[in-house]
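Let me begin by presenting the structure, written as structure tokens, before commenting on it.
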Amino acid sequence: MSAGQLRRHEIGKVTALTNPLSGHGAAVKAAHGAIARLKHRGVDVVEIVGGDAHDARHLLAAAVAKGTDAVMVTGGDGVVSNALQVLAGTDIPLGIIPAGTGNDHAREFGLPTKNPKAAADIVVDGWTETIDLGRIQDDNGIEKWFGTVAATGFDSLVNDRANRMRWPHGRMRYYIAMLAELSRLRPLPFRLVLDGTEEIVADLTLADFGNTRSYGGGLLICPNADHSDGLLDITMAQSDSRTKLLRLFPTIFKGAHVELDEVSTTRAKTVHVECPGINVYADGDFACPLPAEISAVPAALQVLRPRHG
């Protein structure tokens, strides 16, 4: 089955994983509605709620080993990412009930973000697309899969700072962290090796690697990314000016930043990335410190999505 095409699966049994903390508790309500919809349509449902991400992943792997027609996750991009660690490279489809703050996976595949029952219908209808995933391998050979974007540089420094903060909660924490990092803005010495042949050595503000187009709740950081082309879209920004960087951010909402002089883009299947003291974040979560190898893995996941649109 080639990537990008749809085919139909019979969905009779679903393993449902919920992150009760997603969307400030909205995931629990969304999961109840989605699971009720599945049962109404005659689907058997096995419910999983992990105590933490590691526990949830362990429980999901055990449930998948017993046999299931699909996995349905309710929450944000973090719970989707957790499921990817189990489902990558298998033929078990992933269904998503969006209930987080970002929902970038859901946005990529045209899923309803405010209607859990409609999203559940998409799971039962059984139409899947074969898509690529991103894979990060650190210096110790430990792998992490991702679906959307792997971020390094300024945006990963913002995540580092936000994770250290106890207050405030929600998006305001990230805005404050961003302002704090802007005050410390400095060029970062990156070394990238694309597909083992092309070397880029440059002082960059950020370098992001997209399997899909958006991160951070709709920021089109890699606006031309294609989740079924077997390649990562790479966006690099060079700016030691706070004013220029502040001007850049509004353009990311529409993907227009790629037209700016200080932004360059390219594509590769595999990228070796080095930058001292910088971490990688993927699907919004910490992945590993650099250096790391970031790759596109073709046809690594079956995702349930609307048949049309």
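Any Cβ shown, glycine's included, is placed from N, Cα and C.
Residues annotated as active site, proton acceptor in Swiss-Prot, with similarity to another entry given as evidence: D285. Under DSSP, D285 (active site, proton acceptor) is assigned to a strand (E or B) in the three-state scheme.
Within 10 Å of the C-beta atom of L21 (ATP binding site) sit 16 other C-beta atoms, taking all shown protein chains into account. Taken from Swiss-Prot, the feature ATP binding site covers N19, P20, L21, S22, G23, G76, D77, G78, V79, V80, S81, N82, T101, and the record attributes it to sequence analysis.
D229 (Mg(2+) binding site) has a Cβ environment of 17 other Cβ atoms inside 10 Å. Following the DSSP three-state reduction, the secondary structure of D229 (Mg(2+) binding site) is coil. The Mg(2+) binding site annotation in Swiss-Prot covers D226, D229, L231 and rests on similarity to another entry.
Per-residue pLDDT, averaged across the domain 'DAGKc' (9-140), gives 94. Residues annotated as domain 'DAGKc' in Swiss-Prot: 9-140.
Highest Cβ count within 10 Å among the recorded positions D77, D226, D285: D77. Counting other CB atoms no more than 10 Å from each candidate's CB, the binding-site residues N19, T101 peak at N19.
Candidate binding-site residues: V79, L231. Fewest other C-beta atoms within 10 angstroms, L231. Under the DSSP three-state reduction, S81 (ATP binding site) is assigned to helix.
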